[in-house]
Each structure stands twice: as structure tokens, then as C-alpha cells.
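Record features, source TrEMBL:
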{"type": "TRANSMEM", "residues": "B:23-40", "note": "transmembrane segment"}
{"type": "TRANSMEM", "residues": "B:60-85", "note": "transmembrane segment"}
{"type": "TRANSMEM", "residues": "B:97-122", "note": "transmembrane segment"}
{"type": "TRANSMEM", "residues": "B:128-148", "note": "transmembrane segment"}
{"type": "TRANSMEM", "residues": "B:177-198", "note": "transmembrane segment"}
{"type": "TRANSMEM", "residues": "B:229-251", "note": "transmembrane segment"}
{"type": "TRANSMEM", "residues": "B:263-296", "note": "transmembrane segment"}
{"type": "TRANSMEM", "residues": "B:308-327", "note": "transmembrane segment"}
Amino acid sequence: MADLTNNLNSGLSELMSRLRSGVPGGHAGLMALLIILVLGFSVFVPNFASVGTLQSFMYQLPLLGLLSLAMMAPLLTGGLNLAIIATTNQSALLMAFIMRTMITPESSAGTTGTVILLALVAGLALCLLIGLATGMLIAYTGVHPILITLGTKSLIDGISIYLTRGMALSGVPEAFARTGAATVIGIPLVFVLLVIVALIVSIVLRRTPFGIACAMIGSNIEATRYSAIDTRRVLVGVYTMSSLICFFAALVMLATFNSASADYAQSYLLVTILAAVLGGVDPFGGFGTVGGLMLALAILQVISSGFNQFGLSNYLTVAIWGGILIFVAMAQTMRPYLAGLLPPRGGSPK
Amino acid sequence: MRDGVPSTSAQSALRRLRRRPEAWLLAVILIVGTIFSLTARDFLSLPNIIDLLETYSVQAIMAMGLFVVLVSGGIDISFAATASVAQYCAALLASQLGLPAPLVILAGLAVGGILGCLNALLIHYVRITSIIATIAMMSVSFSLLMYFSGGKSIYTLPDWWTDRIVFWQTETESGDLVRITLPIVAMVVVTLFTWAWMTRSSAGRQLYAMGGNAEAARRIGINIGRLQFVAYGYLGLMAAIAGMLQAHRVGESVPNAMYNTELAVLSAAVLGGASLTGGIGTVPGVLLGIVLLAILQNGLNLLGVSSYFFQIVIGITILASTSLTVISSRRGRRHRILAEAPANG
């Protein structure tokens, strides 16, 4: 009996540690890949190992990083949110519109500040609304998230395009743009924002009952429901969270582009899935960590910066991103075979 | 079993009909069609309908291929990229090397088939989830296409490719010329073939079985690996046909002309009742999905509604119709599959 309890306990703690850490052993490989890439580029690309590269790296990463975080939360529950780019764009458009119409050159610093604050609140409220609506549609109709979010993506994009006639809105106030480009001890503010959001998401997903419930839903939603977890509420929460992360992505987008449009960053949609899967997030749900995602993003961005400085086309970069994903997936498939050749490491079998 | 034994056959037939997503879709199409024919004068005219058929033939052909993959339990995002690559390769062969028509068409089909089989290879042997594998393949093939083509279009397609091929034509009383052209015929042939293949051949039935439960299908002796290649290869071929037809329609090969159509085709297929989890879906249903999107766009255009508005309508349609079909078929779905074979016929 004691044995049984012991077994059960160790089994449970192993499960919890797996839920918390994602796929075991995945990060080491990614870390190695990242180091190899950085070393390789430093050797072959002149001026790659410089402060300038690091800074441009930190300016470029946040948008894709935040969007990938927004994609990762639903992926963890076995879902998908195809509407993240649309949500981000609409939120950015709304904020740009408010700032542009309510701030005149004559307005004082005080009014400008108030209007910016108002715009931020409106953008946040919009994301909250979209997230709640998406989450409720998914949780209460039981339709596959791909379909629901395909619909909401179309709808949100449609509204944005209809209202703006496809034009970009510029005219972000000077104060806002300056904050976007500001640095804290040499680190761009947008990068700090990414780090903060990533930390919060990481803590929420790994250390709160809500986060554990998300991973459990991704593994087996029926079993989770029978464990007295209100899966519908958790699902609504996940899509709301995804949408709220989009708000921060919208902030970064406004700050870096100084304008907003319905068709910015559309090509990032599939790249975010690619980054998440590369970072070890199981596309069927259940497993994945923010740390792995960040490593994957760093790899993608290093490849992109390196090839850019090498003078290669952006298209080739995307092709190589796709190739890397296939390569990593192959390595994951091959791992059991390779593990048979290597001496056992004592990790849990996967 | 929950809803009891139907008392009369008429009642049960009605009930059966109500559970088929196609019935709901047809009802919606009839309602929308009636509204448009009353409000937009040209909507029901023969030229408009033929024009509509031709415009949507390319998407319909791709949807037929995607339908097969969806039924087999997979998903493919890369077919639009495949279509572009096949089209561009064929266009290069035709314009630069001046190869004869049969060779060019064969080469295009081969490119499509090979790219499709590459997907199957990644999914079956490397065991990458289909959505991930095809997203990766899409990035790779489309980006390489843009890289090597430099985004340049090919305008010098040979005459045999761009000349309209008219199978039948007539003149309406108002003097409009109505022509049944190659894209329409190709669409009809592909649709009929796919329907017959999926419902009347053993390979088609095996695909349904595999989509319903891959492990069960394997245990009754179905070769899962071979079927994966059949499904993704078929989609690759369809994408190649669609790609070459698209170039035939517009008279030039633009590398990114078909980019971003994958989600539209996917939504049409699932609107028509093809399940993302596999094993469920019918050719008529998928066709109805395309028809609904087509008449919505066309009708709104004729009514003079801004084309910017169209995407909003698509979004609402997807949300409403998927929610409705799921809610209406949720009761007794399992019962239907087990008891009434024609659910996927």
C-alpha cells in the first residue's frame, strides 16, 4: 500500500514536473543550435558580433515575440488563435485613430498625456472584448478553434479594412513615438516590455492553477472536465489572455512603425506557429514553455539578422526558417532511435 | 439512441436531413440566393452565373484536393504555394525552353505531385503533425519561389496556354455571349471524379476509414502510409491543375497571385461540412461551401456594396454557419455515423 502511494506520488510529481518543464531535453538542443548559429555568423559575417547587431536584434524581436506568446497560450490548450494579427492591427488602429483625432498641435502636454492614456485604455478594452468573445464562442459552441478564429480573423480584418479603406493611419504623437524608441541603459524599451510580458505569461502558465489547467486541457479536455475544472471558463481565459498579449504587440507595432494598418505583419501569422513549435510547444497541446519559445525566437531572429547582414534576401530567410522547423521536428522524431545508441541519461522516457 | 425510435419513416427522413450540414447549407444558399435575385437584377442571369462558375473554378478544384486530405484526417496549408510553384515552373518551361504543351502540363503536374508527396513523407515517416509540416513546407516552397523568381511575373506564355478554349457557347436575348470554357469543364470533371473516387472506390472508402480512426483502419489491414501519399499527392496534383488554370485565365504567371488563398479555400471546405478531425465530409457539401462564398461576394458586388465590406460578411458567415451546424448536429452525431452510412456518401 505504501509502495502504491509512493509510486502514485512520484508519478504525480513527475507529471507535474513534465507539465511545468515541457518536453524534456528539448532546450539543450535549441541552446546548442543558437550558440552554433551565433558563433557561425560571428566567424563568417563581418560586424555580426557588434553592439549594433545586438540592438537591432532587440528592436526587431519584440513584435514577433509578443505575437508568438499570444499564439502560444491557445496552442498549449490544443487550440489555435488565427486572429492574433487581426486583433493587434485593430487595436493599433483604434489607438492611432484616437491619438490622431484628439491631439492637435496646440494641445498641451497634459491633454496629450490624457489622450494617450485614453487611447491605451480603449485599445486594451477592445482586445479584452475580442478575447472574451472569441473565448466564449470556442468554449460554448465546441467548434474547433481553427474555424472560430478563422471567422473572427475575417470579421476583425473586415471591419478594420472597411473602416480604413485599407489605408494606413499615421500621426502618432511625438511623445508616444519617443517612448517607443527610448532605451533603458542601452536596452530598447520595447525589448523590456517583451521580457516583462514573457515573464508574466511564464509565471501564469507554470505557477498558477489556471496555467496547469491549460496544460491539462491540452492533454485531455474530457479528463480535465471530470477533474472538476470548469474547462469552459479556462478556455475563455486563455483566449482573453491571448488577446490581451495582442494589446502589447499593438503597442510595439505603433511605437516601431509610427502608424497602424489592417495589413501590417500579416505574414507573421504562420511564423508565430512555427516559432512556438520550434520552441517545443506541442501543437496538440499540453506541453510547452515560454523559455523554449524565447529560445526559438532568438534562433529565428539570429538567422534573419545574420542573413540580412550577409546580404541575402528576406525570402531565403523564411525558407530557412521553414527548413529549420523540419530539421528540429526530424531531430525530435529521431531522438528515441538516437537515445537507443547513447547510454541512458536517467530522464523520463518520452 | 437518446432521441428515441422515429415513429414514421417520413419523420426519420426529415430528421436525417436536418442533421446533414449540407441541408442547412443548401437552405442558407437558397435564402441568400432568393434575396439577391429579388434585389440585384442581374444576379440570376445566365452570364452572371457562368461568370461566377469560371471565377471560382480554381478555388473549387483546390477545395476538392483539400477535401480529400481533410477526410483522411490531415490538413494542408501549403497547397496555394504548391499551385504557385507548379504554375511558375510550367510557365518557365513553356516560355524559356518552348516545350510542347503535353510536356509542360506533365511537368507542372509532376511538380505538384512531388511537393504533395513531400508533405506526406514528412507527415508519415518523420511524424510531423500535418499542420506544422505543411506550414513549414509552405514557407520553404513559396519563399524559394519568390527568391529564385525575384518576384518577376512571366507574361510571355505561349498561345496554346492562354487562348480561351470554348466548349459551348450561346447568345442570350440581351446579346450577351455565354461561353462554357475550359476552367468550368475542368472543375466539373474534377468534382465528378473526386466524388466517384471517394464514394465508389476502395481507396476512397479507406480514406474515410482512416480519417475516422487511423488505428482501427490500420488494424483491419489498410496501408496508412500509402493512403497518406495518395491523399497529399492528390491535393498536390489538384493544386497544380488549379495553378495552371489560373495562369490560363489571367494570361500570365504571377508568383504570388495565389498566395493567401489557402485560408479562403479551407473555410469553404469546412463550411461545407468537412470535419477538421477527419472522416466526415462530402463532395457536394464542399461544393456548396464554395457556392455560398461565391454568391455572397457576387451578390454583394451586384448590389453595389463596398468590396471592403465583403470580408466582414465572410467572417460572420463562417462563425454563424459552423456554430449552427455543430449545434444542430451535436445531438446524435455518433448515432448518425454508426447507423446511417450515407452520412459521408
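Glycine residues also receive a Cβ, built from the backbone N, Cα and C atoms like all the rest.
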Legend entry - Annotated stretches the transmembrane segment (B:60-85) and the transmembrane segment (B:177-198) touching (3 or more Cβ pairs under 8 Å): yes
Inset, instruction - Would you kindly list the residues that approach the transmembrane segment (B:23-40) from elsewhere in its chain, counting only those six or more residues past its ends and only Cβ-Cβ distances under 8 Å? - result: 17, 271-273, 285, 288-289, 291-292, 295-296, 298-299, 302-303, 321, 324-325, 328
Inset, instruction - For the transmembrane segment (B:229-251), could you work out the same-chain residues 6 or more beyond its ends whose Cβ comes under 8 Å from its Cβ atoms? - result: 54, 57-59, 61-62, 64-66, 68-69, 71-72, 74, 76, 79-80, 82-87, 90-91, 105, 108-109, 111-117, 119-121, 123-124, 155, 157, 161-162, 182-183, 186, 190, 203, 207, 257-258
